[in-house]
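What TrEMBL records for this protein:
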- 30-333: domain 'DUS-like FMN-binding' (DOMAIN)
- Pro32, Met33, Leu34, Gln84, Lys153, His185, Asn225, Gly226, Gly227, Gly247, Arg248: FMN binding site (BINDING)
- Asn111: site 'Interacts with tRNA' (SITE)
- Cys114: active site, proton donor (ACT_SITE)
- Arg200: site 'Interacts with tRNA' (SITE)
- Arg313: site 'Interacts with tRNA' (SITE)
- Arg316: site 'Interacts with tRNA' (SITE)
Amino acid sequence: MTQQQHNDQHPRSASLAEPAKALTAQRFSIAPMLDWTDRHCRYFHRLMSRQTLLYTEMVTTGAIIHGKGDYLGYSEQEHPLSLQLGGSNPVDLAHCAKLAQERGYDEINLNVGCPSDRVQNGRFGACLMGEPALVADCVKAMRDVVDIPVTVKTRIGIDDQDSYEFLQAFIEQVRDAGCETFIVHARKAWLSGLSPRENREIPPLDYERVYRVKRDYPELTIALNGGVTTLEDSLNHLARLDGVMMGREAYQNPYILADVDSQLFGQTGAVPSRHQVVHMMLPYIEQELAKGNYLSHVTRHMLGLFQNMPGARAWRRHLSENACKQGAGIQVVLDAMAKVPEYRAEGVV
């Protein structure tokens, strides 16, 4: 019997799909990804894993303080949930962190890893690695006003400042300001000359450097990001670290999350089939449509659900071509599922 057949014959009940409200450890998380990990995406991911720590897209302090939209909105089902902030003004960060705690977020994460020009022009992201004293001030300002964890996502270095001693000095100064958890992307960042995408692919991965950080600072919680594409990868890293953060693979092949709770957290119980995940999304989609939101705003995050399965291409094509049409509703999703052979075989209606 294949894993898929097992999952289809032993579905997990909807009640068990409800997330754990208490913050879990950093053992497994999904990276904050701009334009991807919005609230619709996070709700979808939560249906497949109760224990995974979810992150918002990076939200700038300016957007929260001066923007007209509700940049802190989320669904209660998304917990445990971390807000990633972009900024470098300690006063503004403290204000936003306090607002986030009042809104019920489980963690605040400071972005010290994004290398894009736009982010650098705002004086936040990876360029802040070169200003550890400022990062420390930002962390302390937030720690002084909130009780929830304040964590930092960073790189192993920037430009030619890529020695272990540089990383060590950064971690020590930020640690002394009260940060106990670091999520380390195991690549350095080039602040000029490479696009954000190239910065995710061209600088070589150096897992050993992240492992060394954990050996040298066992009292800190150290999680690794970068190049993690399977749960086997995750388990290998977890033998030496406290946590693993998965990025694009979790978005492009989201059903990988269905095995996280059992394989990484030791929880028992059947997992939902892909088709059951879609059915579990339908009430949420109807709710969003009733608010006037477009179907495509939700379903764009679901395109990879049937990856590597028969009918995956037809599923993606039907949603991509029809979910954006005026008046598109639930029937578009049902019609897309009807194009997946396993859906018809299951006899779900």
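Using the three backbone atoms N, Cα and C, a Cβ is placed for every residue, glycine included.
When the neighbouring Cβ atoms lying within 10 Å are counted for each of the recorded positions (Leu34, Cys114), the highest count belongs to Cys114. Local packing around the Cβ, expressed as the count of other Cβ atoms within 10 angstroms, is greatest for Lys153 among the recorded positions Lys153, Arg248, Arg313, Arg316.
A 10 Å cutoff on Cβ-Cβ distances gives Arg200 (site 'Interacts with tRNA') a total of 17 other Cβ atoms nearby, all chains included. In the three-state DSSP scheme, Gly227 (FMN binding site) is classed as coil. Along the domain 'DUS-like FMN-binding' (30-333), the predicted structure has mean pLDDT 95. All protein chains shown were included, and the count of other CB atoms within 10 Å of the CB of Asn225 (FMN binding site) stands at 23. Lys153 (FMN binding site) carries a strand DSSP state (E or B).
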